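Lifted from Swiss-Prot, the feature list:
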BINDING   Ile52, Ser53, Ala54, Arg106, Asn221  CoA binding site
BINDING   His56, His58, Glu118  Zn(2+) 1 binding site
BINDING   Arg112  phosphate binding site
BINDING   His166, His168, His214  Zn(2+) 2 binding site
Amino acid sequence: MSSDSVVAGNISRADVERVVRAVLTRQLAGATTSSGSVSSAGGPPNPLVVNISARHVHLTEEHVEVLFGKGVKLEPMKWLYQDGYYAAKQTVTIFGPRRRMIPDVRVLGPCRNASQVELAFTDGISLGIDLPVRISGDHHDTVGCVLVGPAGVVELKSGVIRAMRHVHMSPADCAYYGVKNGDEMDLKIHSGPCTTTLEHVTVREDKDVKLEVHIDTDEGNAVDLSHATKVELVKPVGCGCHSK
């Protein structure tokens, strides 16, 4: 019998706990979860997690009532990785300028001060919208769309964006990587023959966040994130062309 084998009749609770701990430790060293996200541990103060941010909508309280009815509040359906944030039960239909639509787009909570629609590049093609790449909240020179809910319609004049890929970092994470809010990093995704580096990952620093990278569905598919075995954040190094 192999030294790695365990006889079922003699296994104890301690043996089970030891095996489970060993498996979890190996998985945290770089494993893909069922949700398509990837985590990588070892080194930084917090484990690095990369998640795909699918198309979604952020709404003001006023727009929630217009779309879903007076007095209606967003109802959490699934809690997200960042504490306090969730995918709501409510969804809307998005109409673009060519009267093309995308139905059942999830609303994320909690509510914001300004409504915003975040789409992938291919979503923009479907709707006939030339999506500008923006950090969340930057609606300068952005287009609008029409949101339709079960109780009403909201016409947004602006706020439809393709979210710039970014990483949420705490002050401790920033100190570890030697970066600050607004800096850019590189994300290396090891995924078999499809190992890829995504540049220009913008740092978003906040004291109350977990270390997490957000990329959109197009980017996640391009790097084959669902099969990734390891992810790394790297501070870009200049080429030295202008150094003395």
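Placement of Cβ uses the backbone N, Cα and C atoms for every residue, glycine included.
Quantities reported herein were computed from a predicted structural model and do not represent experimental measurements.
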Alpha-carbon spacing, Arg112 (phosphate binding site) to His166 (Zn(2+) 2 binding site), which is rounded to whole Å: 19
From binding-site residues Ser53, Ala54, His58, the one whose Cα lies nearest His166 (Zn(2+) 2 binding site): Ser53
C-alpha spacing of Ile52 (CoA binding site) relative to His58 (Zn(2+) 1 binding site), in angstrom: 17
Site of maximum Cβ density within 10 Å, from binding-site residues Ser53, Asn221: Ser53
Among Glu118, His168, His214, which are recorded as binding-site residues, the nearest neighbour of Ile52 (CoA binding site) by Cα: His214
Closest of Glu118, His168, His214 to Ser53 (CoA binding site), Cα positions, binding-site residues only: His214
Lowest local Cβ density (other Cβ within 10 Å) among binding-site residues: His58, Arg106: Arg106
Annotated CoA contacts Ile52, Ser53, Ala54, Arg106, Asn221, maximal Cα-Cα distance (Å, integer): 20
Inter-residue Cα distance where the pair is Ala54 (CoA binding site) and His168 (Zn(2+) 2 binding site), in Å: 17
Lowest local Cβ density (other Cβ within 10 Å) among binding-site residues: Arg112, His166, His214: Arg112
By Cα-Cα distance, the member of binding-site residues Ala54, Arg106, Asn221 nearest Glu118 (Zn(2+) 1 binding site): Ala54
Greatest C-beta neighbour count within 10 angstroms, which of the binding-site residues Ile52, Ala54: Ile52
Check: same-chain CB within 8 A of Zn(2+) 2 site center, minus His166, His168, His214: Ser53, Arg165, Val167, Val201, Thr202, Arg204, Glu212, Val213
